[in-house]
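**Student:** Got a structure here, written out as structure tokens. Questions coming.
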Amino acid sequence: MRKIIIILCIIGSMQCYSQNNTIDSLTKVLQSTKVDTTRINTLNWLAYQLRNNDPDSAVYFANKAFELATKTNYKIGVATSFLWKGVATMKLGAYDEALKNSLDALKIYDDLISTNSGRGNTPAASEALNLKSKAYNNIGLIYRQQGNYEEALKNNFASLKIRTEIDDKAGIATSYSNIGLIYYDQGNSTLSLKYDLASLKIRKEIGNKKGIADCYNNIGLVYEDQGNYPEALKSYLAALKIDEELGDKASCAILYGNIGIIHGNLRNYPEALNYHFKALKIQEKIGDKASIARSYNNIAVIYIYQKNYTEALKSQLTCLKITQEIGDKGGIAEAYFNIGVIYGDKENYEEALKNYVNALKLQKELGNKAGMTEAYIEIGNVYTKQKKSATALDYLSKGLALAKEIGNIAHIQNAYKNLVVLDSTLHNFEQALEHYKLYITYHDSLYNEENTKKIVQSQMQFEFDKKEAVTKADQDKKDADAQRIKNQQYFAIAALGIIVLAVIIIAIIQYKSNQHKRKANLLLQEEKLKVESTLSELKAMQAQLIQQEKMASLGELTAGIAHEIQNPLNFVNNFSELNKELIADLKDEIVKGNMEEVKSIADDIDLNSEKINHHGKRAEAIVKGMLQHSRQMTGTKELTNINGLADEYLRLSYHGLRAKDKNFNAEIITHFDETLGSIQIIPQDIGRVLLNLYNNAFYAVAEKKKQQRESFIPTVSVSTKKAGDKVEIRVSDNGNGIPQKIVDKIFQPFFTTKPTGQGTGLGLSLSYDIIKAHGGELKVDTIEGEETTFIITL
């Protein structure tokens, strides 16, 4: 009795859940009553209340109820202690023990029903029948957790049959919800949504708030699986609002994980990790092993997205260990799959295939079509990289067919994306274009601006309801060049769609009348040429935009070079004019016979000629340097003085800008590490990167100068230093910085913050590709309104 009181005191001091009032009431009953059956029922009810959020305590109370019920031969009390102990041990990951407890409960309920069968519909028989439906329900949950979906469905339908017979609406709704989840696990989103919506309808009718929250969560899972992220997040937030009101921490943790997955899919990785770690903290406190494993899996997936493979593998192996301990086949399959992704990204294709095949085998055993789809596609992707094209095509085709069958947009677009890579490897560019158009269509349906807007609005609405404060979200303006490119893509797709339609019409005409066969064939040939022409135009457009960016860089170089040459030419011209005047004076003095003055003038002419020669050679050196630079444009690496290269292009950039705007001035600060030697690079390519970064820096400070006038001193600084076995170049400016909301976009092709016509949006994208091709890294560090630093590591 003393131990029971101690635990009850602990329960009383726990963080408030919504059921705390119920637990407090039960505690008082337990401490005051001396009637055995009342005490047994109270202990069992405590076990029921704590089964999700404190399963260890639930097991304790169930065991106490079992001891007391066994002594008094109170069979229904014994069975019910087995029932709730089964749920609690399932939460703790002890599935075999949970199944044994639930089956023991089911056997006793059957015996009680059989004993009372000849006495009509007695209270004892009705109670046993109701509890029997719960036992079937629990057995179904355990089998689902183990991935045995056939047995899970069988027991849930048995539970539904009893609940329908006794008109237990709350129980019917629970069975519908459980059946919907099993169909979700099997990748059957249509049936899953059907049962979820049926459950939601009943729970709204009877006012079951906890049940409504569970339904919203399950519906969110289906929408997420279909790639409908706005609707998924809307459902999750509706569920989270209710569960937070109820204080159901276990359910809140599950929802945090699901919301984290949405943010991960939308590439908002910091927010995704925040939600997953919140979920993990709660689940570790509760001791829910299955949920802990799921959170480690979710965290690993985000680390994979961030290419942090060390942490990803660490989290995924923890997940695999837990799922193997508790016998969660679905969790094991997912862990194998993600470990395969890690090894695939690290180009360890043998290990990747080994894990993908393990995942596929388990998903086939489970009948999980969504899991099979993922595995097929990634196995195909590995075979593509291994140049095993036929095998790759087989797996990718299977994955695409299965993704279409279950209507999973995310998997469909991923399959098309990998088919584009395979087609390009095989030089099947027409097929690659077709697959690329389909990839873009499905990709846009997942990540288009409208979906992103809905996601943000749903998240904001939730925060509004929670904090009761009005918040407004600023919407990013569409980039003009990006929109133009997208419109061109849509136009090209529409044009090709018209072409395909024309081909079909021609084919029908040909089928109906052989007399027009020759004409139809000619038309088909014309349409084929149009398709090829469209493909060529798309490629030419891409090349033109890249060339435009290169020419912009060339223009900056030319302006700088012109300024460098202009100074010595001015000296040459001035001293030449002066010599002309001195020669005229010389002739006059010769005529006068003034030989001393003649000698003096001749000395001045000689001195001026030396100056002309000096400045002429200076101009010649500049031209020779540029010719030498031109001859080096072979695309091959050579030993290059990085300090000299950085300084040379800095001067060219500054003089180029000064040539366009005589009023522009900026303070230039350089800190070059003199210990740096020469390094192997392609100098013209690195020069192009430096020129682009310098131009951007000068543009940023010039724009800020226009806003702040006299109070602002434009400053651009360049530094080099040795960082281990690498060289680091930093280009900094004290301009307006880059807004945080667009930092992740600046290296994307065609993205620019400059006004229309002042930039192609390819400068930083090309720079990023050049540095990456050198095995280096290009990063940005910025403080909005204050400064920006671009960091090159080579």
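The backbone N, Cα and C atoms fix where each Cβ goes, glycine too.
Pasting the feature list from TrEMBL:
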- 133-166: repeat 'TPR' (REPEAT)
- 213-246: repeat 'TPR' (REPEAT)
- 253-286: repeat 'TPR' (REPEAT)
- 333-366: repeat 'TPR' (REPEAT)
- 373-406: repeat 'TPR' (REPEAT)
- 490-509: transmembrane segment (TRANSMEM)
- 524-551: coiled coil (COILED)
- 560-794: domain 'Histidine kinase' (DOMAIN)
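Please situate the listed features within the shown structure.
**Tutor:** With helix defined as DSSP H, G or I and strand as E or B, the repeat 'TPR' (133-166) counts 30 helix, 0 strand, 4 coil.
Break the repeat 'TPR' (213-246) down by DSSP state and the numbers are 31 helix, 0 strand, 3 coil.
For the repeat 'TPR' (253-286), same-chain residues at least 6 beyond its ends with a Cβ under 8 Å from one of its own Cβ atoms are 52-55, 91, 217, 220-221, 224, 229, 232-233, 236-237, 239-240, 243, 292, 294-296, 298-299, 301-302, 305-306, 410, 446-447, 452, 455, 744.
Mean model confidence of the repeat 'TPR' (333-366) amounts to 91 (pLDDT, 0 to 100 scale).
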**Student:** Please list the DSSP helix, strand and coil residue counts for the repeat 'TPR' (373-406).
**Tutor:** 31 helix, 0 strand, 3 coil
**Student:** Can you work out which residues elsewhere in the same chain, 6+ from the ends of the repeat 'TPR' (373-406), have a Cβ less than 8 Å from its Cβ atoms?
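**Tutor:** 187-189, 337, 340-341, 344, 347, 349, 352-353, 356-357, 359-360, 363, 412, 414-416, 418-419, 421-422, 425-426.
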**Student:** Cβ under 8 Å to the repeat 'TPR' (333-366), counting only same-chain residues 6 or more beyond its ends: which ones?
**Tutor:** 147, 149, 185-186, 293, 297, 300-301, 304, 307, 309, 312-313, 316-317, 319-320, 323, 372, 374-376, 378-379, 381-382, 385-386
**Student:** With DSSP as the yardstick, break the repeat 'TPR' (333-366) down into helix, strand and coil residue counts.
**Tutor:** 31 helix, 0 strand, 3 coil
**Student:** How many helix, strand and coil residues does the repeat 'TPR' (253-286) contain under DSSP?
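**Tutor:** Within the repeat 'TPR' (253-286) the tally stands at 31 helix, 0 strand, 3 coil.
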